[in-house]
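Undergrad: First the structure, which I've put down as structure tokens, then a few questions once you've had a look.
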Amino acid sequence: MNTEAKRIAVSGAAGQIAYSLLFRIAQGDLLGEDQPVILQLLDLPQAYGAVQGVVMELQDCAFPLLKEIQVATDPHAAFLNADYAFLVGSKPRTKGMERRDLLAENAAIFRTQGRALNEAASRDVKVLVVGNPANTNASILRRFAPDLPDDAISAMIRLDHNRAVSMLAQRCNVDVDSIADMVVWGNHSPTMFPDYRHARIGRRLVKDLINDENWYRESFIPKVAQRGTAIIEARGASSAASAANAAIDQMRDWIFGSDGRWVSMSVPSDGSYGIAPGLMFGVPVICDGGRYERVKDIGIDAFARQRIDLSVRELQEEADVVNRLFADR
């Protein structure tokens, strides 16, 4: 067993996604069965009691890998020397809330957390933004954590990737691990573009096996994009366990590598595929050695261009709102 514990910060620690996430991290699903961990939990002061309840449950599991649990209401304390951070907490959109107001509240949260990460976290920290609007929240975080490496912050789009892979596997009647080279482009929102034009089962292209363009455009894409809404309607609450699972999948591949597989991550654009540089955007990557490399030179047809541009416009509009918010202060 490795003797030095890794420090893992989790914000929104009293929430349902964190509740599904923390126990899996503590039992080794993220870093493996020989890596001790210290959990550094962050939430609002009014959630302190609920977080203590989670702490008691974690203690009662007697996880051998869990060496310490720290609870903080101050981001600087929660992120101190963190090796990995899952930023799950964010301000959810409530009934009647204007988009500008939602972005304003999250801008304040992620400005504070960005500064705290910049000052306190390990210089090799990997930060995954889960709380929505995840792409724009991650962009705000980068803005206020300028001393961290350019590739230190990612936003989660793996949940959409996993949903797409699962739906394709069901359609083709194969195991999910048979599906390779699936891509989800763009924002974690209904404008996302789940793209199976290059996905394979063995050497065969999924699009040739399905051979149904109408299903692709009119059923598959909207079903992936609206899956979260369907879950809320079915269970009366948003995705929690599947979101936590996707967060672990994305971070684990980022840390240990994706074995040559394409996976989808929202990362700062380098200008490829006509996506504005710096925009936090879902793209295909291959992870290796603790880093990710963008998959280049994928063919973009007219339909794909239209779908990608839709997400680009949405994220640029959100960025414009945020820029005006900060200019006003």
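Every residue gets a Cβ built from N, Cα and C, even glycine.
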Undergrad: Where Swiss-Prot shows Gly12, Ala13, Ala14, Gly15, Gln16, Ile17, Ala18, Gln113, Val130, Gly131, Asn132 binding NAD(+), which of Asn106, Asn162 is named for the same site?
TA: Asn106
Undergrad: Could you tell me which of these binding-site residues, Ala14, Ala18, has the fewest other Cβ atoms within 10 Å of its Cβ?
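TA: Least crowded of the binding-site residues Ala14, Ala18, by Cβ count within 10 Å, is Ala14.
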Undergrad: Across the record's substrate-binding residues Arg93, Arg99, Asn132, Arg163, the largest CA-CA distance in angstrom?
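TA: Binding-site diameter by Cα atoms for substrate: 26 Å.
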Undergrad: Cα within 10 Å of His188 (active site, proton acceptor): which of the binding-site residues Gly12, Gln16, Ala18, Arg93, Arg99, Asn132 qualify?
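TA: Among Gly12, Gln16, Ala18, Arg93, Arg99, Asn132, the ones whose Cα sits within 10 Å of that of His188 (active site, proton acceptor) are Asn132.
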Undergrad: Cα of Arg93 (substrate binding site) to Cα of Gly12 (NAD(+) binding site): how many Å, rounded?
TA: 15
Undergrad: Validating a neighbour-count step here. Other CB atoms within 10 A of the CB of Asn132 (substrate binding site): how many?
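TA: If we count other Cβ atoms within 10 Å of Asn132 (substrate binding site), we arrive at 21.
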Undergrad: Just report the maximum Cα pair distance in Å for the recorded NAD(+) binders Gly12, Ala13, Ala14, Gly15, Gln16, Ile17, Ala18, Asn106, Gln113, Val130, Gly131, Asn132, no decimals.
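TA: This binding site's residues have a maximal Cα-Cα distance of 20 Å.
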